[in-house]
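Visitor: Just dropping this structure here.
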Amino acid sequence: MGTSERVLLDPSSPSSAGRSTKHRYSISGSHTNVSLTPFSGNSITSKFEGDEDDVKKPLSARLVDSFRRDPSASLTPGGIGANVKKRQFDPEAAAAATAASPLIRKLKGRHLQMIAIGGSIGTGLFVGTGRALAYGGPASILIAYCLIGAMMFCTVQALGEMAVMFPVAGSFAAYSTRFLDPAWGFAMGWNYAMQWLVVLPLEIVAASITVDYWNPSIALNALYVAIFWILICTINLFGVRGYGEAEFAFSTIKVTAVVGYIILGTIINLCGGPGASYIGFSTWRDPGAFNHGFKGLCSTFVTAAFAFAGTELVGLAAAETQNPRKTLPTATKQVFWRITLFYVLSIFIVGTLVPYNDPRLLSGSSAYDAKASPFVISIQNAGIEAFPSIMNVVILISVLSVGNSSIYGSSRTLAALAEQGQAPSILRYIDRKGRPLVAILTASLLGALAFAAASKSRVQVDMFNWLIALSGLSSIFTWGSINACHIRFRHAWALQGFTPSDLSWRSPLGITGSYIGLAMNILILIAQFWTGFRPIGYQTKSTNWLVANFFQAYLAAPVVVAFYIVYKIWKRPGYVRLSDVDLYTGRRDLNVKMLVAMEREEQRSWPRWKKVYKFLC
């Protein structure tokens with residue numbers, strides 16, 4: 001292989017701030033026999049973080065200092081591209097920059113597990129399922145959620161394997177650049193960043209609409225928007241620890257509420273509400289289990305995908321996790337239980353309590369109007385007065401949680417793109433508390449678009465419909481790209497002389513799961529194209545309406561293609577050949593076989609109940 005300089009992460013040297021020390025190594029030898037020699041030079045950990053406990057400064061001075069740029073924010077004085085031509089992409093420098101990003105690793109296992117379990121439970125589940133139920137019927141949404149859930153399980157397992165091996169900034173966007181094509185990585189990075197940048201104002205609007213449930217005659221949307229906007233922005237200014245603690249609290253409430261609803265819904269179904277009787281599968285018989293046939297089923301796929309959006313954040317958070325090799329596999333296993341319990345089971349119960357022809361399912365002013373939530377409607381039908389308001393509080397908390405995640409997801413992605421030279425360099429500004437400050441402020445400022453919620457004009461409604469359209473298919477492209485990256489990674493891993501036993505952690509589904517996940521994402525894109533081109537009831541619609549509806553359903557696709565083509569022409573990067581895939585930069589565990597042997601030795605002493613628990617969770 002020759003000798004080259006790489007930046008790897010040494011797990012044996014944690015700093016006082018809780019992050020692992022980053023060192024440069026000179027790598028020599030063959031792929032199967034690699035020798036690592038420390039590279040001369042200064043450690044690039046933050047001096048501010050390392051000396052923080054020893055410096056006696058007033059609180060105000062420490063606060064001001066914390067917003068100053070981290071001295072280790074770039075590998076080179078000029079950043080990526082300083083030593084190459086302006087129109088030339090440097091893949092090695094890009095990989096090194098994401099590996100050595102000074103993001104602080106303060107997320108703990110409990111944070112990561114709650115992000116995995118309840119991080120994306122929001123309006124997609126609580127509100128969006130109403131319209132899907134009306135279009136497809138209870139059997140259709142149940143099938144759609146099962147299929148999308150299976151695809152997500154495959155995707156998250158693949159992401160977990162790569163993120164444990166390479167816990168780098170930017171995660172799956174950086175993997176696309178490294179394993180597929182820098183132009184595709186550019187397109188995926190901006191696709192993902194734009195998805196979350198758009199979601200933030202939408203979620204703030206949703207929160208203000210949710211409050212209208214209690215005060216429908218009082219137009220205080222602008223005040224609600226201001227309160228929620230300031231709250232979400234403030235949480236993210238506390239850094240990754242603030243985000244983790246907030247998500248832990250939000251997710252705990254959401255998970256508790258969903259479990260409570262499942263229990264309550266089961267009781268209502270079996271015993272009926274006040275003055276009611278056994279319900280069973282009466283809604284599946286009248287009006288029926290399916291609506292609009294196969295097209296009705298296809299029309300529910302995007303709604304189900306939207307409900308699962310955010311699941312991949314667990315991989316993005318790996319770069320800021322204290323021990324991803326220990327906590328990330330556990331977190332990815334939690335996805336199975338969330339899919340089974342929180343999505344499939346709750347959707348099944350909703351479908352038995354609310355008929356698909358209930359007019360309230362389509363009465364919402366937008367896809368974010370909680371008054372059209374089938375969860376709320378099912379409780380109202382049972383005659384339980386207090387529970388609809390309680391459920392609405394849960395929806396409000398879920399909306400704020402997704403808004404909180406939107407700033408986190410977009411800011412980390414923007415900062416990683418800037419580190420690779422694929423976004424304005426100012427976005428790679430990371431302060432001494434490990435916050436990508438400029439990226440956070442950029443995402444927060446775009447949240448001000450939510451003030452348009454105070455207006456009821458048709459122009460504002462149309463604007464938000466197009467914003468929703470921009471984020472509609474974004475997750476499908478992201479998940480498909482994750483599966484494609486894992487496939488390429490495994491092929492490159494084998495070609496360069498490694499075996500699956502050399503991996504830090506292996507996906508239980510292996511490369512087969514990634515092929516299944518990729519195929520299912522492609523099928524969803526095909527189904528969405530069909531339902532967008534020929535939607536339900538298209539015979540009665542005008543040409544202008546059909547054109548607008550198609551682009552609102554499929555807008556993300558031409559946007560991704562445009563990003564890819566523009567970057568391909570601008571930078572002219574080549575496709576990454578399997579023999580050239582970088583399998584070293586950013587690897588945190590350097591002696592995997594020794595670590596695995598130590599862990600297996602420890603596991604032999606576990607009691608049987610713990611072995612079963614660890615296998616499942």
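Counting starts with 1 at the first residue shown.
Glycine is treated like the rest: Cβ placed from N, Cα and C.
Note that the structure is a prediction, hence the values are computed from the model and not measured.
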Visitor: Looking at 258-281, 378-401, 594-617, which one is transmembrane segment according to TrEMBL?
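Guide: Of 258-281, 378-401, 594-617, TrEMBL gives transmembrane segment for 258-281.
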Visitor: Could you tell me whether the transmembrane segment (192-211) and the transmembrane segment (335-356) are in contact, taking contact to mean 3+ Cβ pairs under 8 Å with a sequence separation of 6 or more?
Guide: no
Visitor: Taking 3+ C-beta pairs under 8 angstroms (sequence gap of 6 or more) as contact, is the transmembrane segment (509-530) in contact with the transmembrane segment (258-281)?
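Guide: No, the transmembrane segment (509-530) and the transmembrane segment (258-281) are not in contact.
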Visitor: Would you confirm whether the transmembrane segment (192-211) and the transmembrane segment (139-156) meet the contact rule of 3 or more C-beta pairs below 8 angstroms, pairs 6 or more apart in sequence?
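Guide: No, the stretches stay apart by this measure.
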Visitor: On the 0 to 100 pLDDT scale, where does the domain 'Amino acid permease/ SLC12A' (111-572) sit on average?
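Guide: Across the residues of the domain 'Amino acid permease/ SLC12A' (111-572) the model's pLDDT averages 84 on the 0 to 100 scale.
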Visitor: Select the range from 218-238, 258-281, 466-489, 550-567 that forms the most Cβ-Cβ pairs under 8 Å with the transmembrane segment (437-454).
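Guide: Result: 218-238.
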Visitor: Near the transmembrane segment (466-489), which same-chain residues lie under 8 Å Cβ to Cβ, leaving out any that are not at least 6 residues past its ends?
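Guide: Counting only partners 6 or more residues beyond its ends, the transmembrane segment (466-489) has Cβ contacts under 8 Å with 151-152, 154-155, 158-159, 161-162, 172, 175-176, 178-180, 184, 188, 191-192, 194-195, 198-199, 201-202, 302, 305-306, 308-309, 312, 315, 367, 449, 507, 511, 514-515, 517-518, 521-522, 524-525, 528, 551-557, 559-560, 576, 578, 581.
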